[in-house]
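**Student:** My questions will all concern the structure given below.
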Amino acid sequence: MGRRGGLGRAGPRLPSALTVGVARRGCGIGRAAEAGCCRAMSSAERPKQPLSAYFRFLRDNQPAFRQQNPELNSLELVKKLAGVWRELPASQKQVYEEARKTDWRKYEEQLAAYKAQLTPAQAAALKEERRKRLAKRRSFRIKRELTVLGKPKRPRSGFNIFVSENFQQSKGLSPTAKLKQLFETWQNLSSSQKQPYLQLAQDDKVRYQNEMKSWEAKMVELGREDLIRSREQRPKKKTDTAQEGSKASLRESLAKLKLKKSEE
């Protein structure tokens, strides 16, 4: 197998019979009633919150602005509209705000009627569904923030490297079939055959540790000690003089960062 390919750093996850079985069982009351049960307990029928005044303005004006500015991409168009909104007189903004209030009163009535028809079990299920959805959003925001802050990518395992180098050449009609075939091949490799991949994984681990030390030091300078992995890896307390110097340096760094953002 050639040393080419392109799988991500995260290890592949093969589907299991247990996972498939749980997905098929759904609500756990038989296939005939499964669809109805899940639909009744889904949040899809929950009334949607009305748009804010700003998003109403975007919705109403984006088509015309796009026609007038065909050279702008979507991001540039939204920035242009945001600038127009900021300069909009309060009397014109009030029109959108009044429409939001009217729709909000209707929303509250619809929401009350929706909640009243739920059984205690359905209400509990919807609450859990919402909790999971919010947790997923928080996780996404955290990952996006870490990407923006340049957090180093986690090290790959020997198997991950083996897969990335041989994925394109492996047999299989689907990605899942390819991963299964590569997993079986990896299991049958001898220790000597696995050794090059394990050595690359060890090198990648060293790379990750070195990059993380530099990245965490940078986070300390930015006042983001909350992103450091553990207390043991956080810098030890300095003397009062050193602490004052560090705080002054931090204030200076933050001021430079704010200035750079305002210039952008």
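The backbone N, Cα and C atoms fix where each Cβ goes, and this holds for glycine too.
Automatic prediction, not curation, is the source of TrEMBL annotations.
In case it helps, TrEMBL gives these features for our protein:
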type	residues	note
DNA_BIND	47-115	DNA-binding region
DNA_BIND	152-216	DNA-binding region
COILED	198-225	coiled coil
COMPBIAS	227-241	compositional bias 'Basic and acidic residues'
COMPBIAS	249-264	compositional bias 'Basic and acidic residues'
DOMAIN	47-115	domain 'HMG box'
DOMAIN	152-216	domain 'HMG box'
REGION	227-264	region 'Disordered'
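How buried are these features, and what lies next to them?
**Tutor:** Mean pLDDT for the coiled coil (198-225) in the predicted structure: 94.
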**Student:** As a quick check of your reading of DSSP, tell me how many residues in the domain 'HMG box' (152-216) are helical, how many are strand and how many are coil.
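**Tutor:** Going through the domain 'HMG box' (152-216) residue by residue, I get 49 helix, 0 strand, 16 coil.
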